Structure formats: C-alpha cells, structure tokens
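J.: Let me begin by handing over the structure; questions about it come next.
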Amino acid sequence: MLQPKQTSWVILAGGQARRMGGKDKGFVLFQNKPLIEHALDTLTSQTDQIAINANRSIEEYSRYAVTFSDQFSEYPGPLAGMHSGLVNMNSDWVGFIPCDSPNLPNNLVSLLCNAVKEDTDIVVAHDGEYMQPVVTLMHKRIIPKIDAFLTRGDRKIILLYKECNTVFADFSDYPNAFINLNSPQELEQFGTLL
C-alpha cells in the first residue's frame, strides 16, 4: 500500500484568477489568512514534501515552499501545473490540490493513497456526486501522456483521465471539503460556512 510519506505534493497557484479580478488567489485573505496558508496547513499535517506551482509572485510563494512555474506558456490551465509538479518533484507519486480550497480534510493524503492499486496511474477525489479533478494523485509514468496532451493543445483534465488508468477516492463523507473560492462573492458566501 502506498504510504503518505512516499508521496510529494504540489499546491496549484498558477492560474490567472480572472473571477477574482486578477488578484493572485494564493494571497487573497480568507478568515484573516492567505489562501496559500490554508493549503499549506492542510498538507503539512499529512506530509513533508510540499511545493507550490505558480506563474507569478514566485518570490513571495518561495517564502512558503519550493516554487516552480509551468513549462508551458500562456496559462494552459491546471494540467500544466501538474506537468511541472511531476517533472520537478522527486517521488514517483505526486499529489495536487488547488490553493483556493481551504476546507480540504486532514486525511486527504491517506484517502488518496489508500485508493492506489498496482496498475493505477491517477487517483482523483470524488465527493459522492462529482469528481474533483484538481485534487489528485498521479504517478510519474504519465508524464509522456501529459506532454503529448498539452503539446497538441488539449486542456481538459477529464480527457486525460480517460486516457489513463484512473481510479477514484471516496470523499462522500466530506460534503463541503471541495468548495473553491474563485470570486469575492464566494469568499463572502462561504466565509461563515467553513
């Protein structure tokens, strides 16, 4: 069975944050703390190999953890951050969470690890109703597939998941875990819920 300490983790903070008015979401305050700190708090209680994928504010993010940018230009989406994470991290298994989900459970890493089977390429969190495509654990062997996928201009993560041996980890006991704070309205709306 894959153990959490055999994995490394990347916080995805490389997007353009258009719905947040272009503000770097990792540094948007939620409950008096930057969203990047919420993400780090989630992971540091579960694992010790943590990095950040960002395409701006690199110096600021580097104060928190090792930080690297996408290797593909023009913000091709979270898949480019995942590609960079797989290339830059040392472990065979690399996990990913978004920087704007401050309510992820404190057993996220172990639940994803427990879903890994011998031939698994990717584990994706599933909340009982929907897959959560950017809360995932990937094996490095899929790097060539992601390279080809991004090179031909594909961006939809779900299509990549269909090309790989993808399994799902059950998070149905955590109905509010995957709330994303993408806009000022969502920050306000969910501030009291979390």
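Keep in mind that glycine also has a Cβ here, set from the backbone N, Cα and C atoms.
OK, Swiss-Prot features for this one:
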| type | residues | note |
| --- | --- | --- |
| BINDING | LEU12, ALA13, GLY14, LYS25, ASN53, ASP70, ASP100 | GTP binding site |
| BINDING | ASP100 | Mg(2+) binding site |
J.: With an 8 Å cut-off on Cβ-Cβ distance and a minimum sequence separation of at least 6, pull the same-chain contacts of ALA13 (GTP binding site), or say none.
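T.: Correct list: ASP24, LYS25, GLY26, ILE36, ALA39, ILE52, ASN53, ALA54, TYR61, PRO98, CYS99.
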J.: Within 10 Å of each Cβ, count the other Cβ atoms and name the one among the binding-site residues ASP70, ASP100 with the highest count.
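T.: Ranked by Cβ atoms within 10 Å, first place goes to ASP100.
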J.: Taking the Cβ of LEU12 (GTP binding site) as the reference point, list residues of the same chain whose Cβ is under 8 angstroms away and which are at least six residues distant in sequence.
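T.: Once residues fewer than 6 apart are set aside, LEU12 (GTP binding site) is near ASN53, PRO78, GLY81, MET82, PHE96, ILE97, PRO98, CYS99, VAL134.
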J.: With every protein chain in view, what's the tally of Cβ atoms within 10 Å of the Cβ of ASN53 (GTP binding site), excluding that atom itself?
T.: 25
